[in-house]
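Colleague: Quick one: structure below, then a few questions.
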């Protein structure tokens, strides 16, 4: 009797959420794997044709898709480097003993709160007008021009804006890490005659490994999945030069109406993201230093 | 000598932060300018602070309506997420049998699934349900809220679960001996202790749901259901961009975020830190 009551409470507490979760996340995920083996245009009246692994084979020969994959990898690698470098620099600056450090921290975090879509539009104007203006005034027209119109620079513009968005976010993670380093350790190193740079490389960096794990994980997965900024800043252009993975999937399914093929891409997308993030967490966890 | 050095460092720090935020400043000042002024010098201060572009932008974006939709969707979603995921997490954390472990692991594993992987089958299912059963999941705000709960369940349960594991069980046991039901124990004893993590869960979900674009863009079709990101997107899509109007529109969308940030700044930074670290 008591046991029955216990199970009853268990169900009352957990079933509502788990039911919604199953319906919204798990079921579509499973159906999605099924769809990936069919050729279908998404119109209910039209037949779904089973074509085995054809969709996945076709992926390997799809120039647009391969280019998009390469661009996404390039974007993610560049972004992970810049976001973490800038974020760590910010964190070191605002954990110094300066009086205005708190104010600066508040300001630097601000962009993250404004959604990616809106950030993209803001920067569209900055590249269009402010960059060209700075170019005119300073004469540095080879650096300051509208990056968004240039097939090579448009991707850098995405990296730039993504860094602007995420630097403040990873800064918060690094701040937590830096504040967790005991002052005595740094002090002891100073007394032993370690220079500022040595103290940073030999003490701060190793002790920040947990913060690196988290930040790398976050920037890797956010970078790989970028969509909103991509949509509003470049829209994939010019000439598909910035059509990244997530956008390629969206366009394949809802733009070209290739539901089955697009879904196969979406499954590959999931496998890649899972593989990258799990490997990365595994590797950096091993390097963490026990205090 | 050292004092002067520190002062210059302070000034440099703030200058850097100001340059960092300059795009927002540029959007703000240009939202008051007419076309001529705008293209004359983008960085100059406006000659007069006319609000005419704001009223035009508000009309075109149907801003007030979009704002209310965003508030409604965000608040109701977050309330449900907090209630349901704290209850679930508590049961999972305290029952300690293999079923709970499997459920918890499944929740965590799904956090790796990108939205793009499930968006198409989800939309197929949702439109199918609406068509065959008449349950209004598709093209309604309630449907969007329902989906938000599903998508943000995993992270929220995860955060609550970690916190619950760190608090002693003795209080709950004492309340159980006093004859309180599970429901009573949870809401009177446990939930108040969860306040710090509830703040974190709320902040993280508010930011994610407020700024979400892709899911609402797929589920909401009617114009009067648009949330803020949707109305901005269509605003930029429908017209050849009149930048002064566009910038007034962008400023309008930033204002609520800035107000929210000023009010809840301490909790936001703390919440983001905790959310990320766990």
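Here the Cβ of each residue, glycine as well, is placed from N, Cα and C on the backbone.
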Colleague: Per TrEMBL, which of B:33-54, B:143-164 is transmembrane segment?
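Modeller: Going through B:33-54, B:143-164 one by one, TrEMBL flags B:143-164 as transmembrane segment.
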Colleague: To which of the residue ranges B:102-123, B:212-233 does TrEMBL assign the term transmembrane segment?
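Modeller: Checked against TrEMBL: transmembrane segment maps to B:102-123.
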Colleague: Hey, would you say the transmembrane segment (B:243-264) packs against the transmembrane segment (B:12-32), going by three or more CB pairs under 8 A that are 6+ residues apart?
Modeller: yes
Colleague: Any contact between the transmembrane segment (B:102-123) and the transmembrane segment (B:71-90), i.e. 3 or more CB pairs below 8 Å with pairs at least 6 residues apart?
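Modeller: No, since the transmembrane segment (B:102-123) and the transmembrane segment (B:71-90) share fewer than 3 Cβ pairs closer than 8 Å, they do not count as touching.
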